[in-house]
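S.K.: Sharing a structure below in structure tokens format, with a few things to ask.
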């Protein structure tokens, strides 16, 4: 049988090693790695013995598909026939008289490319799976229930009474006290409660803060009562939160203010802020 040649362009040493490994594993033992096709001994001998064969005849001879049978290998390899495309399907510009051009081959080696793709995918999977990835699991139902419980506790509980003003014991001394007094006069007046010593700030045109201080800290009576239960408070805003959280709707509170409460508030105002006793507004 006349020798047949399969030309595969290799663009790197790594590709050449991969091709050699694949051929060895499949039982092929006769192959050469050449930089110049003219250096092949068989091709050189043919050119010397048959100089009259034209280039067209060689191309016609090589145009038919060829098959290679696997040789005996010590490894268990199934006998198979590999069909390669003919030279006529390859562009003539790929092979020159000086050797093989360093370009990407138009005749691809399928198994090598598939192996490279598989190896890249495996490396990518290993890289992704090797990263520490911690998933935090949230119990949305538990968080929602906890938030609802906190909100209900905040709305239904007794409001925390924070006096409006500052304690007289924290007054600055010296020049700082003078500057603080000037600043206080510019934004409003501070009045010290005679019962608890808390300084309450009130606007120049009103006394609402003083009244709230007296009712919240020094009186028992509360003017607002829930229409659905016995809850009492002195602020409408707190009553609204209570009705929404406990009864599911915004129910206007019932004003239970009577003369006894007004008298209590007036007496407390006289003790807390004597200068406002004549105009407390509770008995008007």
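Here, residue 1 is simply the first one shown, and the rest follow in order.
Glycine is treated like the rest: Cβ placed from N, Cα and C.
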S.K.: Please find, within the list 6-27, 28-49, 50-71, the residue stretch that Swiss-Prot describes as region 'Disordered'.
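M.R.: From Swiss-Prot, the annotated region 'Disordered' range turns out to be 50-71.
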S.K.: Per Swiss-Prot, which of 200-223, 224-247 is zinc finger?
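M.R.: It is 224-247 that Swiss-Prot annotates as zinc finger.
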S.K.: Take the zinc finger (224-247) and count its residues per DSSP category (helix H/G/I, strand E/B, coil), listing them in that order.
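M.R.: Split by secondary structure, the zinc finger (224-247) comes out as 12 helix, 4 strand, 8 coil.
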